[in-house]
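**Student:** Mind having a look at this structure? Questions to follow.
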Amino acid sequence: MIQSNMFKYLGILLEGRERFEEEALSRLDQTIPEDEAAQKDENKANGPDSCIYSINARLKKFSDWLLDIIAMGDLDAFFPAATREYAPFVDEMWKDPAIQATYKRKDELHFLPDVAEYFLSRAIEVSSNEYEPSEKDVIFAEGVTQGNGLSFIEFTLDDRSPMSEPYIDNPEAHSQPLTKFQLIRVSAKGMNDGCKWVEMFEDVRMVIFCVALSDYDLVGTPVNGNLQNKMMQSKELFEATIRQPCFCDTPFVLVLNKYDLFEEKISRAPLTACEWFGDFSPVRTQSNNQTLAQQAYYYVAMKFKEAYNDHTGRKLFVWQARGRDRQTVDEAFK
Ligand SMILES: Nc1nc2c(ncn2[C@@H]2O[C@H](COP(=O)(O)OP(=O)(O)OP(=O)(O)O)[C@@H](O)[C@H]2O)c(=O)[nH]1
Ligand SMILES: [Mg+2]
């Protein structure tokens, strides 16, 4: 998955490079005075024009090949099988000044995830036959949770609060067994498929619904050909889940994840980009020390709480997390 994704990221960069090169060259054309342009036309045989986004002929050949494969939807037929063979190209490409210049404009490459650099900059290591993803690599990898299947993990958590347990006075408190938890992961895709098997979960003690806060201005994968905002997709799934008759007595916890990305983008992309959040109006007063991100977070939490309360008459527990930061996830579980 990590190896195939690396070629997907490279493809997005190469497509961006082509676009930026075209734009830059056409701008150059327009700025060249007429007499020079006439001379340039005569000299065309001397080779193509170039700019900072241009790559050498060998890399261009590889780029054309990869982009063709991606356009045909054949990436999976080649990768990860051919990863090792093409790793030197990926490495060379990533280090090429044209790709680095393209990467500098990553904000304009909407489909390029922030992990692209993390993996592309280690192309040789990641492509080796001996490559064993570290825990961090797995946390950073995309698509690990995309299957429709269910998966689960069992864990214990020291959920005894140091405030309520007299730790020092009562050393026996330590020897009490910790509560065991079983976390079952249900992907959004699985939930969308009619939810027939959701009744299997009738006896779960709690539903943890996870939403990426940073989805508010993103477009999701089209459902029945319709493009839809990712936060709206989450809202619909949330509403469909809380309406499941088998969850009528089950408490819900909402984890609002990707707070770091949310914080980073909220000042450049307004929260109102999502139609559900159309009436968000941050307050800026001297007595209000909350940052824009904090205010936006509380507003989003409130929207979900309202939706939950309207339907169930109960209170929704909301927590904020940054999935790459273990501590915030542990706190959410506690
Ligand atoms: N910055 C940041 N990244 C996160 C956080 N939680 C998970 N990720 C990253 O999100 C990616 C998970 O990717 P995907 O498998 O595409 O899942 P997703 O992005 O949650 O969901 P999709 O909308 O289906 O793409 C990995 O790169 C994770 O490291 C977070 O709180 N902050
Ligand atoms: Mg993703």
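Glycine residues also receive a Cβ, built from the backbone N, Cα and C atoms like all the rest.
I grabbed these lines from TrEMBL:
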BINDING   T145  Mg(2+) binding site
BINDING   N257, K258, Y259, D260  GTP binding site
**Student:** Restricting to the chain of K258 (GTP binding site) and a gap of 6 or more, list residues whose Cβ falls under 8 Å of its Cβ, or answer none.
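**Tutor:** Residues satisfying the criterion: A212, L213, S214, D215, R322, G323.
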**Student:** Just to verify a number: CA distance, Y259 (GTP binding site) to T145 (Mg(2+) binding site), in angstrom, no decimals.
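**Tutor:** Per the Cα atoms, Y259 (GTP binding site) and T145 (Mg(2+) binding site) stand 19 Å apart.
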**Student:** Relative to the mean position of the Cβ atoms of N257, K258, Y259, D260, the recorded GTP site, which additional same-chain residues have Cβ within 8 Å?
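**Tutor:** These residues sit around the GTP site: A212, L213, S214, L256, L261, F262, E263, Q320, A321, R322, G323.
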**Student:** Looking at Cβ-Cβ distances, which residues of the chain lie under 8 angstroms from the residue listed as 'Mg(2+) binding site' while being 6 or more apart from it?
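**Tutor:** Result: R185, S187.
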**Student:** Highest CB neighbour count within 10 A among the binding-site residues N257, Y259, D260?
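**Tutor:** The largest 10 Å Cβ neighbour count belongs to N257.
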**Student:** Under a three-state reduction of DSSP output, how is N257 (GTP binding site) classified: helix, strand, or coil?
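**Tutor:** The three-state answer is strand.
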